[in-house]
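Scroll down for the structure; my scribbles are underneath it.
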């Protein structure tokens, strides 16, 4: 007997190690695929790194300092001399009117221009006037609106309502606004925002007059509402930007934030598609099923594939991180501030998530081709929402972001986007920032994303586990859908004792079962074995059978008789519904691990790995069965089996290169290796020639001495020669069992005598009398022509000699013969199939006669007639193939359409220009803010009032620090010495409160961090509040200023700038992916016909190569045009700007038409690289996608003006257009969108007015005549 297997844990580790050895062997047998899997995740990143090295960076080693500016430092172009501005306000009452009158007078005194208040009863009336008064071009008549919410001594609350698009940008990009939806930019360069603007620049609080208006309203309200001042000293106000620490100017991160997620997705999609395909291929070829029979657990299978995939990806991940972090030109990396280990961890968990996703996808498919396609589609669709969300990242709720993070590629894209945002602020991702959000008020951070990725992985694994149990596919037994909720699954059902089962009366007909030999031991003892899949119909019913050691037992039965189910139960693949069996003394219900160490199985299908050699197969299965053998013993065992199989000259040959007969030999060797004491052979000689079959018979007869062998076969001769005992099943029950002689005696008709008359004139009756004279119990079976057949009883053999002597001497008889009963006759009689076989043979003979009768000479065609006939036949062949391949045809027509639909649907979700929401100018909107202010000791009382105003927003006094020093050097040093994360996210405002010792004038200077948008207004609000608290003694004062822009004007809603690159990129990306799935399908039949030699047969039949490929092109081009029409219709349905109006669909369709002529020959050429249709489909899809995405990425990156790569772009474009057809199609769509939007912008009202301005906006220049 084989050695007992080690403990469960040791055995599991040994099996996993063995499976890893197998997986890596297979991996290395595909060198090109392996190299692509290793390098593809790094290739596009390497391209980025090359562009990164080409982007100029500038070092600024000194701090950037800014001068103070006054509130009256507005843009003179926006406030020309002698102009008059209206200031609207609501509501109209005496108190509000007094405040506005005072404020307007302050404005007049400050700017020396006219202002007039315009009262309205409510905000609706005010908005209506604004929209009707300025519905074409902003003419400056209305400066702003003011909504008084609450005006009292203790509470000042008002809303300032400036134009939704600041007047400074009236002649430029319409997308500029007051940014009230954001607290700070999502992305910025690692330097000071709006570096050259002393007043802070965009959105324009100083130059638009917003700060001056806010200041005058607050001071006017204090003057009108408060008691007389308690302090009469004079004050001045000013503002200044924070000094900025030394930095490196780098614009590359702007491109990186949007493009890098796409780079990562398309880098990892290749390996993911391959993993899913490999998993499904093992299921499709039933290798998984066989490995389970051989003793492998389902969990070990998944663990081995997981470890193999993750180990194989490690070099790629390391190289990826190195490319991201290595210092390139001038010591700058792609990611300069992030921790390399955390980057590696991020991509490691992302790859883990991908692997688990592939596991889950593989469980839903039984065909590798479909599984590969599905994986690519799922990867794309789970990434697509990123572009929708990132366009409104700041406004979308945190809960919705978390929901999106359950999409495997969207969560990765979020993680990279957060990295880019932090890198843009010179922070990066490290252990101190991994749990911090990139934007104030957000909760999404990289740590949370990593956690959600792990949660996703667990969900995918749970779905994988459930699906493999409840929906195992074509080659497994499904558990009930509710199996996780049953105790039997977790604890196991209670089995009857073997002794109880043995006492149950058998349903077998004992008369048809020969008594067991008393001197042999039963290697397999089957007792009342039953199996039902649905609880009603039994595939095996109450089977009792013994297979003896040292014998070969042949199991016969028609298809569906229960043979394979019986073998599957005995090998542990299925659990019996009732009954059991002892294999080598072990119960199959409780001791399968002990049984499998001595079990050998040869299923009716070849369970071989194409990439492993003969020796490697035998080593693998020997180690799997005999974990106790050392390397030398295994080597000797393998050598012995190879010699017995006569495969010595093929031992280093991969199984895919073996003939069919040699593969069956190898499968028999797998069953015998490892000292298997119990061997199951299911049709072991099918597919073998006669000599090979005889060789296997001789081998089995030699090997049976120390084994119990059960063989299932359809060859009756094989059962007769090999079978010491033969068991015949029908309807799941044992019909009979015994030695061949016993069965022939039981079911045979004795001997058969065939007599040939010399001619038809000889009477049959004369011959009958002659035979009956010798053997009176002989029976006439048939008399056809000159041949007469009789059956003779087997108990009258002593009478045969005189009968045969008389037949020999009879002149009327030309020949005669006698035969014994064959196993085929026994089998047919048992199964009652003889009648059907005779009828089918008769029908066949009749059809043959008709064929011979109707055959007529065939006339040959020549020249153009022959070519036309061949072409029409080849085209018809392609059409029939498409009609009978609905999934492939669906992939050609529907998948591209659906992909494009999802792309366009996501584009519709991108927010357009809309009303800006209100925003309160408060400090507590920022995460954990802190304030350090500076003051002269002489004005400590004023400084304390500033601290009181801040304290209403910051609960912790530790976050409010006053420094009694106003030296500029001290202030700058203190501010820029803060950690960069504190500087960018927490240190938002400050103040300098100083007093001139000569004039005693107190100066209030509000300092603001310009990395955020709204800090100028916030800084000013708090120094104004400190002033009122001090001067008027109003210690409980609260000031609330709200920025609520006015509604969009008509011109704002009509005038749209030229289409952004982001939208064009999404359209091109979706189009390229749709086209890749379309054209990849055109290689399937080409590869299939070449591999199966069907193409060769067609060439031998006279088909010219040119006609062959012309038929492909014509039919594929028709399907290509049909799918293209659907895609053009999708653009029309979704009304994508620039692709559905006027003649745009025609131009787009023309692009598709021309693209077809370029792409189809490329696909045919690529098809010669592959030897499997499924592989060709998946790889060509991937190649077209990666090449197309890489092309548009290269084009877009090099076209960014700020990167100074325009010369490179001019060289690159013609190369891409010439060699990448799918790039051309993408550019056709992008250029149509670009040109249409440019023309639309040029035809808008007011464009010619913009052309007449001294400084014409850049986007308007093409429109100016």
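Just so you know, glycine gets a Cβ as well, placed from its N, Cα and C.
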| Per TrEMBL, which of 370-390, 475-495, 496-516, 517-537 is transmembrane segment? | 370-390
| note | When TrEMBL is consulted, the range among 1014-1031, 1032-1049, 1176-1193 described as transmembrane segment turns out to be 1176-1193
| request: Identify the transmembrane segment range according to TrEMBL, selecting from 967-994, 1107-1134. | output: 1107-1134
| message | Checking feature assignment: transmembrane segment per TrEMBL, candidates 422-442, 443-463, 548-568. Which range matches? | response | 443-463
| So which range, 211-230, 231-250, 251-270, 271-290, gets flagged transmembrane segment in TrEMBL? | 251-270
| request: Mind checking which residues of the chain, 6+ beyond the ends of the transmembrane segment (402-420), have their Cβ under 8 Å from one of its Cβ atoms? | output: 187, 253, 256-257, 260-261, 264-265, 335, 338, 343, 346, 350, 353-354, 357, 379, 382-383, 385-386, 389-390, 393, 428-429, 437-438, 444-446, 448-450, 452-453, 455-456, 459
| said: Pairs of Cβ atoms less than 8 Å apart decide it: which stretch in 251-270, 443-463, 1065-1087, 1107-1134 has the most with the transmembrane segment (370-390)? | reply: 251-270
| query | Residues sitting near the transmembrane segment (251-270): Cβ under 8 Å, six or more positions beyond its termini, same chain? | reply | 36-37, 40-45, 48, 51-52, 55, 187, 189-190, 334, 347, 350-351, 354, 375-376, 379-380, 383, 386, 390, 409, 412-413, 416-417, 420-421, 423-424, 1062, 1065, 1069, 1182, 1185-1186, 1189, 1193, 1196-1197, 1200, 1202-1203
| field | Beyond the flanks of the transmembrane segment (1176-1193) by 6 or more, those residues with Cβ under 8 Å of it | value | 40, 43-44, 47, 259, 262-263, 266, 269-270, 273-274, 277, 369, 372-373, 376, 1065, 1068-1069, 1072-1073, 1075-1077, 1079-1081, 1083-1084, 1086-1087, 1159, 1163, 1166-1167, 1169-1170, 1216, 1220, 1222-1223, 1226-1227
| For the coiled coil (624-651), what is the mean per-residue pLDDT, to the nearest integer? | 87
